[in-house]
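Accompanying notes for the structure given below.
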Amino acid sequence: MSLEPTQTVSGTPPMLHQRTHKQVYPLRMETIPILESDSKATLQSNEPTQKDEEETEYFENKQSVSNLSPDLKFKRHKNKHIQGFPTLGERLDNLQDIKKAKRVENFNSSAPIADDNHSGDATANATANATANATANVNASAMPAPYMPYYYYYHPMNAPTPAMIPYPGSPMHSIMPNSSLQPFYSQPTAAGGPDMTTPQNISSSQQLLPAPQLFPYGSFHQQQLQQPHYIQRTRERKKSIGSQRGRRLSMLASQANGGSTIISPHKDIPEEDFYTVVGNASFGKNLQIRQLFNWCLMRSLHKLELKAKNQEEEGELEHLTKKSKLESTKAETDYVDPKRLAMVIIKEFVDDLKKDHIAIDWEDEEKYEDEDEEKILDNTENYDDTELRQLFQENDDDDDDDDEVDYSEIQRSRRKFSERRKALPKEPKKLLPNSKNVENTKNLSILTSKVNAIKNEVKEWAVTLDTSRPDLEWQELTSFSSQPLEPLSDTEEPDLAIADVETKLETKVDELRYQSHILNSHSLALNEITNSKVNKLNIETMRKISSETDDDHSQVINPQQLLKGLSLSFSKKLDL
């Protein structure tokens, strides 16, 4: 459904009257019908009685909505403003309309409305445009509805520009909700600018309103448009602070002209967390290694100083208990503790290293082994050892002789050092055995002992089996069984007789078990031999039969003859 409004223009000056059409109230449905506007005299007054009269005239002059669609019904409610602000219930209704927006077919939200600063000639143009739009709508009603995705309530738009801020003449200024159901509004023409109501400029002047807001007030919306500038600036500032972490330490440490120094972190930060506060990586890995090395040295020096201080305090207390104060002062003036001298030397070394007075290449790595050191020393062109060069310079104050360095002394000293180191006897490296290897050796010794015991037992059984004569044992058993039993003498004690009977019975049972075992083993062996022979005979007979028979004249096999042949072969084998 497309509803186009008619434009009304009066001859009043633009400064006196700001509103250009009749007051429009929000609807519960998805469309806002815009009809012919009344005179500006009725719009100027804000009394309730005049508004009631306007509503009666509006409903009398309005075309019946039932002619458009029998199911479409507009539910209108009054919006009586008190001092230009809507009530709480109206604002809740507007918010509900925004949240419960629905898809509307054939909905045209464009409604070009003319401005106040046009002359009487513009009236004729407006009426002509209205008639043309009416005829176009009649023709367009017969055409099919354009396809619009259900999730598009308004076309995509770019960021809101200052020209899209609601001007006082628009009905959405502090009255209408910023919803997706609002029509297009033309921009007010600037003084001396082109006429935006001409047919050539009407399409270009129509712009979408900004995205819907929860607050319908224009002043709050203007504040929101200005707010992201400050938010963006604070976000950029936070990003710069996070990315420049440790940059100040790196800049102080990388300053030239003798001003570079290493600043230690806070004492509450442990040594394990030094990597978290290391300098910025943009200054290179060299500076990071230098900072970590110096921080560890400074922290260890601080611990040594505290330890030495505690020892001195304990020594002073013990010394005061033994001697008087005068003697202690004399001893202090005469004697110098070597530990203090060592602490002073270490402190000076740490200070020089902290202030970068000692030239060290922190990224240098040993790329060669001891065998290739002599080859490196021969190549004097690439040799550059700053510490040794400073030690072997003849004139430290002469700047002209800095480039001319005698490498012969350096080479000679390095050769002597390498020869001396090679002459020292190298102790063999002690390697710890692997726990798995130790466990495997123990298991191997246990298993070998078990295997040897089993082998010895097998040998003993073989000897006993070779020496035994089962036939003689059977003869002895038969002779014993045939002999009559001798009566026991009364003189023998019954206990000794029972013991002898038990021992004899055990020996006989053992012999019987042994003989039964031998018979069983012989029977199993004979069975296996016969089975193997039968299988071989079957294979041979089948092979002969297959070779003798032809495809055309196949002979019938007689099973009786086969059985006879098998029986004869078995009888021959048994006779043998």
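All positions are counted from 1 along the displayed chain.
For all residues, glycine too, the Cβ spot is worked out from N, Cα and C.
If you compare Ser250, Ser260, Ser468 in Swiss-Prot, the phosphoserine annotation sits on Ser250. Annotated by Swiss-Prot as region 'Disordered', the relevant range among 185-205, 542-562 is 185-205.
Swiss-Prot tags one of the stretches 308-333, 412-437 as region 'Disordered', and that stretch is 412-437.
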